[in-house]
């Protein structure tokens, strides 16, 4: 049995297979996921799992070079933006429009769907390198 924080085998495989610059989207329950993009659906019910907890666990194993969030996140859900900043304190953040974020989902290696019910609670984690 794994000793590290992340136990989900699908997420572990995804993170182990990432290359520099690959993107992983962690989204709320309502984020549209393009049919051609891999969907990893963790949503059990409203609020479970929450987005920030999901980011915390994924970031414990993923080298994150930068994070992208929608401008609307800070405007409509500042507690999500602040929480992401606390979880990823040394990670640069870039803001894009919500429409741009949705379009970037097509280029992502996967979209991880959470049970989050907060507007604009989505983040794209861009993989870095550990050397």
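Positions of Cβ are set from backbone N, Cα and C atoms, glycine also.
Summarising the annotation, Swiss-Prot assigns active site, proton donor to 20 and lists sequence analysis as the type of evidence. Summarising the annotation, Swiss-Prot assigns substrate binding site to 28, 98, 120, 121, 122 and lists sequence analysis as the type of evidence.
Every protein chain shown contributes to the tally, and the Cβ of residue 122 (substrate binding site) ends up with 27 other Cβ atoms within 10 Å. Close to the recorded substrate site, the chain also has 27, 30, 31, 69, 70, 72, 73, 77, 80, 101, 116, 118, 119: residues not among 28, 98, 120, 121, 122 whose Cβ is within 8 Å of the site's Cβ mean position. With respect to their backbone Cα atoms, residue 120 (substrate binding site) and the residue listed as 'active site, proton donor' stand 26 Å from each other. Counting other C-beta atoms within 10 Å of each candidate's C-beta, the recorded positions 20, 98 are led by 98. Across the residues the record lists as binding substrate (28, 98, 120, 121, 122), the two Cα atoms farthest apart are 13 Å from each other. Recorded residues residue 98 (substrate binding site) and the residue listed as 'active site, proton donor' have their alpha carbons 24 Å apart, per Cα-Cα distance. Comparing residue 122 (substrate binding site) with residue 20 (active site, proton donor), their Cα atoms are 21 Å apart once rounded.
Around the Cβ of residue 28 (substrate binding site), the number of neighbouring Cβ atoms within 10 Å comes to 21. On the backbone, the CA of residue 121 (substrate binding site) and the CA of the residue listed as 'active site, proton donor' stand 24 Å apart.
On the backbone, the CA of residue 28 (substrate binding site) and the CA of residue 20 (active site, proton donor) stand 25 Å apart. Its Cβ taken as reference, residue 120 (substrate binding site) is surrounded by 21 other Cβ atoms within 10 Å in the chains shown.
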